[in-house]
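Trainee: Residues or ranges marked as compositional bias 'Basic and acidic residues' in TrEMBL: 293-306. According to TrEMBL, the domain 'Cytochrome oxidase subunit II transmembrane region profile' annotation covers 24-121. Look at TrEMBL and you will find 127-239 tagged as domain 'Cytochrome oxidase subunit II copper A binding'. The region 'Disordered' feature in TrEMBL is assigned to 288-315. The feature transmembrane segment is assigned by TrEMBL to 46-70, 91-111.
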Amino acid sequence: MSNQPYTKLLRMLPLLGIVLAASLLSGCDMALLNPKGQVGIDEKNLILTATGLMLIVVIPVIFMTIYFAWKYRASNTKAKYTPDWSHSNKIEVVVWTIPCIIIIALAIVTWKSSHALNPQKPIESSAKPLVIEVVALDWKWLFIYPEQGIATVNQIAFPVNVPVEFRITSGTVMNSFFIPQLGSQIYAMGGMQSKLHLIANEAGTFPGLSANYSGAGFSDMTFKAIANSPAEFDAWVKQVKQAPQALNTDTYKTLEKPTIKHPVEYYSTVTPDLFDTIIVNAQKGANPPAAVSHEEHAAMSSEDMHNMPMTTTQH
């Protein structure tokens, strides 16, 4: 019995794999390459620049691999045969000089971009930054607006072209806060405060997510970030202020219980300094948060929280 049909099938498998991969990837949303904020745009440019520099080496290597394999195949009797050849100064210069130049270029780009895209660096703008306090819970996101006196779960809103200063912590295990189309991700850790500065250049609703595995509900730990006009943002704040719920120690105790696919919730008022209280009590290992003394709160400068040790008790 001839094996010819099976041979043809085996030859078609790589092509079928490419077609299948292309069909699957066609449904992917390349959020990182479709940024809607200045930080995201700068990071996209960095990705493309670094990739382009590396392709200067990768593309010639791939081309030469195919070319040499074809040229020096066993059936090509016209190819030059030099079994005693083993070294070329010219080739050594090329294969070492070009990669070294690329590494130096990448180092310069990385150094500059690491400082320019520092998540704690405020964004230069004539508009006053909007402060949003973020608490990662199981498995949802709590957002507190200290200046507006409101809070939400799994939804945030902010005006277009207004810098947003996120102050981030965790009320449970370590997590990671990420809005791909706006910019950097940053870790949320109990007993500590991280900072992230972002800005939206255009209106829209952008998906946010947890970028760090944190348990059973991790994959559904998502939220929506809404960038709108100042007037629409003010209307949204008024809508939240009409919510019947208030966020205090008791409601936080209920909220921090693990839930999966938690719905969007609004809180019309928030207990003052609840965010700081969550951080202090995570350091103490207290759960739920107890009241924090005025002395403890006064001692909690942002610099102190930035330098807090990572060895905190998690729940």
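A Cβ is built for glycine as well, from the same backbone N, Cα and C atoms used for every other residue.
Provide an account of the burial state, proximal residues and distances for the features listed.
Mentor: Per-residue confidence over the domain 'Cytochrome oxidase subunit II copper A binding' (127-239) averages out at a pLDDT of 96.
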Trainee: Quick test of the contact rule: Cβ under 8 Å, at least six residues beyond the ends. What residues does that give for the transmembrane segment (46-70)?
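Mentor: Contacts of the transmembrane segment (46-70) (Cβ under 8 Å, skipping residues fewer than 6 from its ends): 32-33, 76, 98-99, 102, 105-106, 109-110, 113, 117.
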Trainee: How many of the residues that make up the domain 'Cytochrome oxidase subunit II copper A binding' (127-239) does DSSP mark as helix, as strand and as coil?
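Mentor: Result for the domain 'Cytochrome oxidase subunit II copper A binding' (127-239), in helix, strand, coil order: 13 helix, 56 strand, 44 coil.
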Trainee: Report the DSSP secondary-structure composition of the domain 'Cytochrome oxidase subunit II transmembrane region profile' (24-121) as helix, strand and coil residue counts.
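Mentor: Counting residues by DSSP class gives 67 helix, 0 strand, 31 coil.
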